[in-house]
Amino acid sequence: MNVIEVEDVSFRYGNSREYSLRHINLEIRKGEFLGIIGPSGSGKSTFCLTLNGLIPHSIAGEFHGNVIVDGLNTREHSVSELSTKVGLVFQNPDSQLFNMTVLEEVAFALENLGIERDEMWRRIRWALKLVRLWDKREEFPPNLSGGEKQRLAIASVLVMKPKVLVLDEPTSQLDPLGREEVLGLIKLLNKEEKITIILVEHNTDFLLEHADRIVVFDKGRIVLEGKPEDVFENVEFLRTIGVKLPTRVKIGYELKKRGLVERAVLTRDEVVEVLKWAYLRGKS
């Protein structure tokens with residue numbers, strides 16, 4: 001069952017002659033983990049903005065096509081209404097945090113929706129425990145670490161109970177520990193909470209391991225789509241457009257060029273076994 005349907009969507013910002021999105025068609029299944037990759041400026045972030053109605057309602061430009069979210073056409077419904085269907089998390093958590101405490105930050109959106117007090121507290125407690133910030137609920141958000149800030153930004157979206165969580169490079173400004181915390185949370189939300197995940201991420205190693213499907217953007221178009229192991233077999237093409245390859249794909253590709261394997265995308269165990277075999281053969 002599809003939770004999002006994107007139908008022939010094109011978009012051009014008001015101050016630009018060029019289209020940032022060109023004839024995008026995509027169906028996203030309920031519960032799916034979709035990874036989005038592509039070079040800078042390829043349209044990934046713009047695409048994310050179409051999924052919760054910021055485009056066309058809040059961002060000026062020329063918009064064509066339709067985005068259907070859980071049966072609602074984004075043209076016909078407000079951003080506030082769509083926010084209960086699709087939650088959006090940006091690169092920089094500081095741009096989304098502006099309250100005095102962690103608790104107030106998470107409560108803010110619910111107060112604006114007029115949620116009953118008992119239900120509001122149930123959601124706040126659930127979200128903060130899920131992102132492991134309940135014990136820091138009285139903290140001043142700027143005092144949190146980078147990973148904690150991003151987890152707080154995610155919690156402030158989760159309390160809306162969206163069916164889909166869209167994350168636009170949420171780890172790009174984090175240190176290794178912060179990245180690990182946020183990516184671990186994203187896995188949990190998909191596997192345990194059954195939330196549909198749409199993740200724009202340069203960490204292709206993570207996407208190869210955990211995404212159900214990957215979409216590749218270039219110059220405003222979808223140029224590749226499929227299972228991670230199928231997408232990453234297109235090594236030369238991905239290198240040509242500037243996509244970072246997963247580590248074991250780079251290793252597998254070099255082994256393939258040497259005639260040691262038939263495909264570039266290998267499991268971790270396969271990489272170890274082939275390297276071990278090549279090493280032993282070299283010693284004999």
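Note: Cβ is positioned from N, Cα and C throughout, glycine not excepted.
Database features (Swiss-Prot):
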- 4-244: domain 'ABC transporter' (DOMAIN)
- Gly38, Pro39, Ser40, Gly41, Ser42, Gly43, Lys44, Ser45: ATP binding site (BINDING)
_Can you tell me how many other Cβ atoms are located within 10 Å of the Cβ belonging to Ser40 (ATP binding site)?_
8
*asked:* Please give me the CB contact count at 10 A for Lys44 (ATP binding site), counting all chains in the structure.
replied: 23
_Neighbour-count leader, CB within 10 A, binding-site residues: Gly38, Pro39, Gly41, Gly43_ = Gly38
*For each of the binding-site residues (Ser42, Ser45), count the other CB atoms lying within 10 A of its CB, then report the residue with the highest count.*
Ser42
